[in-house]
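Notes follow the structure.
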Amino acid sequence: MNEHSRHAAAHPATRDTIFPEQAPILLHEAFAGDQHIIRLQAPEIAAHAQPGSFVHMQVHPTLLMRRPMSIMRANPKAGWIEILYKAHGEGTRLLSERRIDELVDLIGPIGTPFKLDGYRRRPLLIGGGVGMPPMIFLAEHIRRQATDNQPLVILGSEVPFPFKARPSQILVPGLPAEVIAGMPLLEDWHIPSRLCSQQDFPGCHQGFVTDLARLWLDSMEPRQHGEVEVFACGPTPMLKAVAQLTAEYDLPCQVSLEEHMACAVGGCAGCNVRVETETGPAMKRICVDGPVFDARQVFPQAG
Amino acid sequence: MLAMDFCGLHFNTPQVLLSGCVGFGEEYTRVKGFSNTDVGAVCLKGTTLAERLGNEPHRLAETPMGLLNAIGLQNPGSARVVAEYLPKLDFSETRFIANLSGSTVEEYAEVTRIFDDSPIDAMEINISCPNVKEGGVAFGNDPDMSARVVEACRTQTRKPLIAKLSPNQTDIANNARRCIEAGSDALAVINTVMGMAIDPEQRQPVIGNNQAGLSGPAIKPIALLKVHQVYQVAGPLNIPIIGQGGVTRPEDALEFIIAGASAVGVGTALFYDPLVCSRINSVMVDYLKRHNMTHVNELVGSLQLHEPATSVCAN
């Protein structure tokens, strides 16, 4: 036909990495503040998900667009995944009405997960609102690795937490004694957690997640900061504050982002955000280039 | 039954994946079960001469049975598309069509020249992008400018050229005629319909670009009528149409072919169901068998209009 080569050397490694699944609902639990946890039987997604991965969910067959949802837990052995969501719009409200055994159309897992090669031994995980799930997933992953890591999870919410907080039995040096409320699941995994809110929730730190993180950092010897690495997911103002904090203490920080999404496979460029790269500004796709980015790329002006 | 010739190109099926929905051709192959072999051609993302970063977020908003988008022609520039993206494509699986855009007539011509010297199978001339300040729909809504752009591209290539027409104009059939006269080998009908979404609490448009292009089932009736109108001009001249706009269910594809389209574009439907193309193929084959047809070509333009009423009175 013409002199140009028309044969690709090899198909890209990205082929067949996202699995479509019709996932039965195994559990669907409602919490205060219109929050819900849904457990779905999705063996392929559970087997391949990594901390930071998300699924693209057809929340209801009558809605044209799917919704991207972070994976909170994945159990490869039992073949299920868990998702926490807040019913704040039409789609998530329709999802909240769906019952056990109904099938939910999913594609996943999607996204570039957190980079966890040789992470520092004191990982600080910060989750705000519906940004909590990836932090839970990451915490479970860290626990499975069973090394001498000393993680700390700080969660923030302005609506009641989607679990019954209980006083933590794990002492974290440097934190105020009255800030004692933790997440039971993390407690069961022997991972210390502390909760923050501007609301007057008992045992919680009254203030921002970054305020509590700062207290913790300030209680350390400065040389110990070299052992700290931060992972965060939550609303943009929170992520910006985290980026500023980590820039101030010169800590590595990865953040997970969200944006309106259409295809979620890298095809439509609808979810792109501006990031700074070595070669200048770029608009990167949150779905496949992210959702996890280096905080300094997303908030270059921080610090 | 579904394999066909389109402007001298072999199409596996009458389906075409639409520009802007499938990146530079490989993105949907991430999904297990999706295959580019299910479609006749894949239109790559709109490409300009130089790199463009595109619009700031939000670029998307869902509307009832529709999707507003304003990406702003983000692309790495035509030279990099040819050098870095085309070598990754498997041309044995389907045909690949470049989508050309520009701010000036000269830019369109230059992008055409760059793709002419590449393995690309055909080129779609995007004179209807609603989301950029210059070129795009500003050219597409002016028949004289549309013709000038097509003529300029025609001088640069002998590969098939497909003018992508805007629905945001008064007389699309006239524009189609001008594009054919200027050398377009085929027509793509329609691009998105211009629209807006407003957040009443913020009193601001939802989309960063303020206005955007509407796609999805909401625009299907508009697209069907435009295909029907363009077919009146293009059909007698044997100029094939890629009918597109809101195809979601397999039956939608049949409607476009009946209206006069030789091939059917699938875009937003992939976001709902990434495996929709194989379903469309099965339904098409079933339909043709039920209607005793041996090839999809027999269905093209087979619309039987109602006779105009002679004595209709409302009262």
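Yeah, the Cβs are placed from backbone N, Cα and C, and that goes for glycine too.
No curator has checked TrEMBL annotations; they are predicted automatically.
The 10 Å shell around the Cβ of A:Pro68 (FAD binding site) contains 21 further Cβ atoms across the protein chains shown. In the three-state DSSP classification, A:Pro68 (FAD binding site) falls within a strand. As annotated by TrEMBL, FAD binding site applies to A:Arg67, A:Pro68, A:Met69, A:Ser70, A:Gly91, A:Thr92.
Marked as [2Fe-2S] cluster binding site by TrEMBL: A:Cys263, A:Cys268, A:Cys271, A:Cys287. Annotation for A:Cys271 ([2Fe-2S] cluster binding site): spatial neighbours A:Pro68, A:Glu259, A:His260, A:Met261, A:Ala262, A:Ala264, A:Arg285, A:Ile286, A:Cys287, criterion Cβ-Cβ under 8 Å with sequence separation of six or more.
Residues annotated as domain 'FAD-binding FR-type' in TrEMBL: A:18-116.
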Distance in Å spanning the most remote Cα pair of A:Arg67, A:Pro68, A:Met69, A:Ser70, A:Gly91, A:Thr92, given for FAD: 16
Sites among the binding-site residues A:Arg67, A:Ser70, A:Thr92, A:Cys263, A:Cys287 close to chain B [C-beta, under 8 Å]: A:Cys263
Inter-residue Cα distance where the pair is A:Thr92 (FAD binding site) and A:Cys263 ([2Fe-2S] cluster binding site), in Å: 18
Fewest other C-beta atoms within 10 angstroms, as judged across A:Ser70, A:Thr92, which are the binding-site residues: A:Thr92
Cα distance (Å, whole number) from A:Cys268 ([2Fe-2S] cluster binding site) to A:Arg67 (FAD binding site): 15
For the domain 'FAD-binding FR-type' (A:18-116), the mean pLDDT of the predicted model: 97
Distance from A:Cys268 ([2Fe-2S] cluster binding site) back to A:Ser70 (FAD binding site), taken between C-alpha atoms, in Å: 20
Whole-number Å value for how far A:Cys268 ([2Fe-2S] cluster binding site) lies from A:Gly91 (FAD binding site) (Cα to Cα): 21
Whole-number Å value for how far A:Thr92 (FAD binding site) lies from A:Cys268 ([2Fe-2S] cluster binding site) (Cα to Cα): 23
